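*Asks:* TrEMBL lists these features:
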ACT_SITE  GLU98  active site, nucleophile
ACT_SITE  GLU102  active site, proton donor
DOMAIN    24-212  domain 'GH16'
SIGNAL    1-23  signal peptide
Amino acid sequence: MAASVSVFLSFFLGLVLVGLVSSSKFDQLFQPSWANDHFVYEGELLKLKLDHYSGAGFSSKSRYLFGKVTIQIKLVEGDSAGTVTAFYMSSDGPNHNEFDFEFLGNTTGEPYTIQTNIYVNGVGNREQRLNLWFDPTKEFHSYSLFWNQRHVLFLVDDTPIRVHPNMENKGIAFPKDQPMGVYSSIWNADDWATQGGRVKTDWSHAPFIATYTGFEIDACEIPASVAATESAKKCSSSGVKRYWWDEPTLAELNVHQSHQLKWVKAKHMVYDYCTDTARFPVMPLECVHHRH
């Protein structure tokens, strides 16, 4: 009996769901990519500064294909008009894939706006905007990107705010074979960020500071030596190797998540490229088949 149990346990452990669970410490996952002198380290907190001279940004040390990336951010307080804080994933090259969170600052008392966008094979123009249902400058909130071969999810405190499904069966390209780095930055974008550029950055309020903590990556790491054509194979479940992001329960939103997404869209969405007939007289094909 003991031998049978041992064999069963060995088989079970061989089927254990795998992923890459990474530390929440900034310097184990990320590195400054520009303006090192605009980084402030305070224990577990990282602060990025924007002033009249420069913004700042950081990038992951590795590239990933499928999984979940989360960062907790406390956005710029007070009059943040003209500033943008971004958290995104992107591959390299002119035909890159990219998933964007952009937090558009506003004048004091006005709501922060989140703009999301998706690039597939170098083509973006898939913007959505929503106003948050909380003040993102008072406490830390988690912002996540989840990605598998079925869809891309944008989440705020684990509430889905956008889903981009795989519609390759409709002839629509899906980002599934380019490893992506993880990035964040703060910069001045007062030519467009706040009320279409009508409200400019008030530099008397500088420095503008975004604060970060809780860096988490549970994803498939792709070494530089792995060719792009092999990435999807390396990060897909097969045989006894099962990645958690390939579980059937994660192939689509559950009922609760679907209700959450409907609530976000009904109560908080202020712009959707799919309904912008001035920009797109002919509705984009993915909008015809799916209302994200």
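Just so you know, glycine gets a Cβ as well, placed from its N, Cα and C.
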*Asks:* Counting only residues 6+ away in sequence within the same chain, which have a CB under 8 Å from the CB of GLU102 (active site, proton donor)?
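*Replies:* Those within reach of GLU102 (active site, proton donor), by Cβ under 8 Å and sequence separation of 6 or more, are VAL84, THR85, ALA86, TYR88, ILE114, GLN115, THR116, ASN117.
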*Asks:* What is the Cβ neighbour count of the residue listed as 'active site, nucleophile' at a 10 Å cut-off, with all protein chains included?
*Replies:* 18
